[in-house]
């Protein structure tokens, strides 16, 4: 039975699927403009994709920009994500820098949720999860497959592995090569929901997988990602259109 997670009065893992909007900006000026553009959009969680920053190699600058996001949206749950190149992100970096950055963000207590890549070394991942939770920050463990959709059993196994590492939220994103692959992801989501004790987040990327971003409440995915001003992953739907569609699916349509 999945337990829910409450972050700034937002309940993750129960009720309607929550909408996260990624913040994608290269510098302070663009970040300020994007924050102004998204502030009135109908989203539940803001995800700061710090790997898109030109200054992503400076921990101090990343902290400064994260503070800007926190100050601009004080009442929204803040998910900090630094996606590395190997998992589809914009910034290639060493494990040492990656975990040093995560530790700095955790110690700052600026984010409410922190994204940690599952396959970054089990010991380091477990330490980061424990450190986050010690500082009152939820740990979201994640994995991304940008070239394929693993079999259902493997998807479920990876989500279970995240939970075993102590994750508060378990997330996987896969790339479909066919409509059947989308069904595989949805079936895995349903199975994982039955087994998981923590909220799960799943998506099939690209245009083919877009339906998975709308079906979370039915199959068990707790968060869906919708674009504000710029997509951070293939197949993201605009936040306003995503909210309208989710409302329609929940309430029924004439």
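Cβ atoms are placed via backbone N, Cα and C, with glycine included.
Source: prediction; values computed, not measured.
Annotated active site, proton donor/acceptor per Swiss-Prot: 144, in sequence order, evidence recorded as sequence analysis. Per Swiss-Prot, the feature active site, schiff-base intermediate with substrate maps to 171. Marked as 3-dehydroquinate binding site by Swiss-Prot: 47, 48, 49, 83, 213, 232, 236.
Overlay of Swiss-Prot annotations on the structure.
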residue : record                                               : DSSP class
47      : 3-dehydroquinate binding site                        : strand
83      : 3-dehydroquinate binding site                        : coil
144     : active site, proton donor/acceptor                   : strand
171     : active site, schiff-base intermediate with substrate : strand
213     : 3-dehydroquinate binding site                        : helix
236     : 3-dehydroquinate binding site                        : coil
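Local packing around the binding-site residues 48, 49, 236 was summarised as the count of other Cβ atoms within 10 Å of each Cβ; on this measure the leading residue is 48. Calculated from their C-alpha atoms, the gap between residue 49 (3-dehydroquinate binding site) and the residue listed as 'active site, proton donor/acceptor' amounts to 15 Å. Measuring Cα to Cα from the residue listed as 'active site, schiff-base intermediate with substrate', the recorded positions that fall within 10 Å are 144, out of 47, 83, 144, 213, 236. It is 15 Å from the Cα atom of residue 236 (3-dehydroquinate binding site) to that of residue 144 (active site, proton donor/acceptor). Its Cβ taken as reference, residue 171 (active site, schiff-base intermediate with substrate) is surrounded by 24 other Cβ atoms within 10 Å in the chains shown.
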